[in-house]
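Novice: Quick one: the structure is below, and I'll ask about it shortly.
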Amino acid sequence: MLGFLKEPVVVTAEINVNLVALTVMGLITRLWGLCYPRAVVFDEVYYGQFVSLYMKRIFFVDDSGPPFGHMLLALGGYLGGFDGNFLWNRIGAEYTMNVPVWSLRLLPALAGALCVPLAYQILVELHFSHCAALGAALLILLENSLITQSRFMLLESILIFFILLAVLSYLKFYNLQRHRSFSGRWWFWLMLTGVACSCAVGVKYMGLFTYMLLLAIAGLHFWHMIGDQTLSNVSLLCHFLARGLALILIPVVMYLSFFYVHLALLYRSGPHDQIMTSAFQASLEGGLARITQGQPLEVAYGSQITLRNVLGKPMQCWLHSHTNTYPIRYENGRGSSHQQQVTCYPFKDVNNWWIVKDPGMQQLVVSNPPRPVRHGHIVQLVHGITTRYLNTHDVAAPLSPHSQEVSCYIDYNISMPAQNLWRVEIVNRESDTDVWKTILSEVRFVHVNTSAVLKLSGASLPEWGYRQLEVVGEKLSKGYHQSMLWNVEEHRYGKSQEQKEREVELHSPTQMDISKNLSFMAKFTELQWKILTLKNEDTEHKYSSSALDWITMDTNIAYWLHPTSGAQIHLLGNVVTWASANAAALVYTCLSLWYLIRRRRRIYDIPEDSWQLWVSAGGVCGGGWVVNYLPFFLMEKTLFLYHYLPALTFQILLIPVVLQHLGDHLCRSVLLKSMFSALIVAWFSSVYFVYCTFSPVTYGQPALSVTELKGLRWRDSWNILIRKQ
């Protein structure tokens, strides 16, 4: 029974020494001196703010992309014990002792280091020689720009890691397709492809380009499978469902999970709340949630309310009035009603309070039981402090002459009742009997007499209007633009009929927690829309560049400058590698066109298996460059050289593909092969030489003299910083 103990237990393992060595070298080049400089470097000033907000659980919105990359950076801070207390206000600011610099920069550095063995494995899975794969990995290893970008608290190295992982996973899955379909390894690599694609998109939307490329390649491969007569219909259906699950469903679920964790972590109110809707703000701890806690949910006749415009542009504001009147005549000579001004005011103020009045009754308090206002009901809006009625009429608005003026007036004339009547239309209602609800309901106010809709024009009034925002009656209203929508933010049931008592009531703070009414999907949809549509003011940056500048590296970015010495860090690529990558792309394109034309004439210059290898490598490496580069010509955002790094990585992978093809099929004699090998050795030596030459501005040390710095200005367009003596 214990006979198995008579023999020793032996475990054998295959170790790819190339892979281990490349991984070690990648770690050394990316992790060496990682804490240097101990100062804010370029965009660390941007991402560091978000890390601090994560540490303090304060909500924020970053219009640059999804939250997964930010969460990974924050994970580094969390592992290092960062408390979030650091003022990220300028590049070059020295980090205080509470900032775990090594920990914050660790994950991007690890991601950059692992890109080296990933490049090796991708070429192996594309069925190129280990020599070609080793060359691709070494080119990635010695690429100065990739080293610089991976050594700081930035996202590009993490993005490139997940992109390469997705490509490698799909290639491994595809290579298992013929002989081991639906095996454990087959499922593992297929699932990992979807996970890596989702992570890439979750780090930056640029990851979507590679995801679309892999979906296209997977679709093409499946199209070829349909023509395989050996596969039954059931088998094809299983293959289709497996790919749909792994490449579509899993990425979608994971993408949603990134936002779920993001929103779960950031539950506190903060400075970015203001661009979100009132319902979203109320779901956060503190801020508006503190104000709205205990408010009645249903708006009733007699309710005291503040009305926030849903658009939130050019800034959030509330419907407002004050005792000042419109000027009798404007600067252009047009006349006004000279009635009380109505504006949209971007600050909390007692003059933002309005009373919802029943036109058929005089009382300004809520009855017992309250009579809720429903969709389609007619109301009057009485300004709480001045008790004047919201009105619009056929008088041109101050700054929008094609729209009606909105004002407040005392209704002394009983012959004008329709001028202050408004119909409540709940835009996001589920039925026509819906009750008007605090925060949740988005409402249009339609003037009964003129059918004009209460709207924020967004224009800023002159000095007589205190630069507050203009509110108008839009006569030609089509659809439900957000500038026409309002929601109740603060709400109380009015109790005081007397004006003086009511004023005291309006000055006192408000006290139904409605945060539970906003589901995760509602918050996700709103936040996703804000990320996609929110645009910061685009200002020309000193180091911004166009996509055309990237190919020839006509530009660089100064990341950091030592305050006293000549030490500095620049985002600069390896000139030989960039030129070689461009040449490889050109050679691949020309050769492919030549082969295609010749094949059209039934002339086959290379064997069919070599042609298939050439095409598949071009689809992955050349296609990866195209989809990660060409879209930037359509973008209006401010662009920087680091946006090119994912495309460059794919282009670098194309270099050994072209070199092996030239060596195998164009160098036919022994002499030519020897000469070609010698040229490759000389070329690679130049790559290493350039890497060493620019390593002082890649790592920031050692400090260089003025003469040495001038010697690195190989192009006049490079901005190498030289201190005045």
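Numbers run from 1 along the shown chain.
From the backbone N, Cα and C atoms, a Cβ is placed for every residue, glycine too.
Any TrEMBL annotation is an automated prediction that lacks curation.
Not measured: the values here are computed from a predicted model.
Annotation comment: TrEMBL describes 296-359, 370-427, 431-491 as domain 'MIR'. Residues or ranges marked as transmembrane segment in TrEMBL: 68-88, 100-120, 154-174, 186-203, 208-226, 246-267, 575-597, 613-634, 640-659, 671-691.
Could you place these features in context, so I can see how deep they sit and what lies close by?
Specialist: The average pLDDT computed over the domain 'MIR' (370-427) stands at 85.
Outside the transmembrane segment (154-174), and at least 6 residues removed from its termini, the chain residues within Cβ reach (under 8 Å) are 42-44, 47, 69, 72-73, 107-109, 111-112, 114-115, 118-119, 121-122, 125-126, 146, 185-186, 189-190, 192-193, 196-197, 199-200, 203-204, 206-207, 210-211, 214, 217-218, 221, 620, 624, 642, 645-646, 649.
Within its own chain, the transmembrane segment (208-226) has Cβ neighbours under 8 Å at 163, 166-167, 170, 174, 177, 193, 197, 200-201, 236, 239-240, 243, 247-248, 251, 619-620, 623-624, 627-628, 631, 646, counting only residues six or more beyond its boundaries.
Residues 53-54, 57-60, 66-68, 70-71, 190-191, 193-195, 197-199, 201-202, 211, 214-215, 218, 284-285, 520, 523-524, 527-528 of the same chain, all 6+ positions outside the transmembrane segment (246-267), place their C-beta atoms under 8 angstroms from a C-beta of that stretch.
Using a Cβ-Cβ cut-off under 8 Å and counting only residues 6 or more beyond its ends in the same chain, the transmembrane segment (575-597) has close neighbours at 139, 142-143, 551-553, 605-606, 611, 614-615, 618, 622, 625, 648, 651-652, 654-655, 657-659, 661-662, 683, 686-687, 690, 714.
Panel annotation: around the transmembrane segment (640-659), residues 115, 119, 122-123, 126, 128, 132-133, 135-136, 139-140, 143, 145-146, 149, 154, 156, 159-160, 163-164, 206, 209-210, 541, 543-545, 547, 549-550, 553, 555-557, 571, 573, 577-578, 580-582, 584-585, 587-588, 591, 614, 617-618, 620-625, 628-629, 632, 680 of the same chain, lying at least six beyond its termini, place a Cβ under 8 Å from a Cβ of the stretch.
Same-chain neighbours of the transmembrane segment (671-691): 135, 138-139, 142-144, 574-577, 580, 659, 662-663, counting only residues six or more beyond its ends whose CB sits under 8 Å from a CB of the stretch.
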Novice: Counting Cβ pairs closer than 8 Å, which of 68-88, 100-120, 613-634 has the most of them with the transmembrane segment (186-203)?
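Specialist: Stretch with maximum Cβ contacts: 68-88.
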Novice: The transmembrane segment (100-120): which same-chain residues, six or more beyond its ends, come within Cβ distance under 8 Å?
Specialist: 18-19, 22-23, 25-27, 29-31, 34-35, 38, 48, 51, 72-73, 75-77, 79-82, 133-134, 136-137, 139-141, 146-147, 149-155, 157-158, 160-162, 164-165, 168, 649, 652-653
Novice: Which residue counts does DSSP yield for the domain 'MIR' (296-359) in the helix, strand and coil classes, in that order?
Specialist: 3 helix, 30 strand, 31 coil
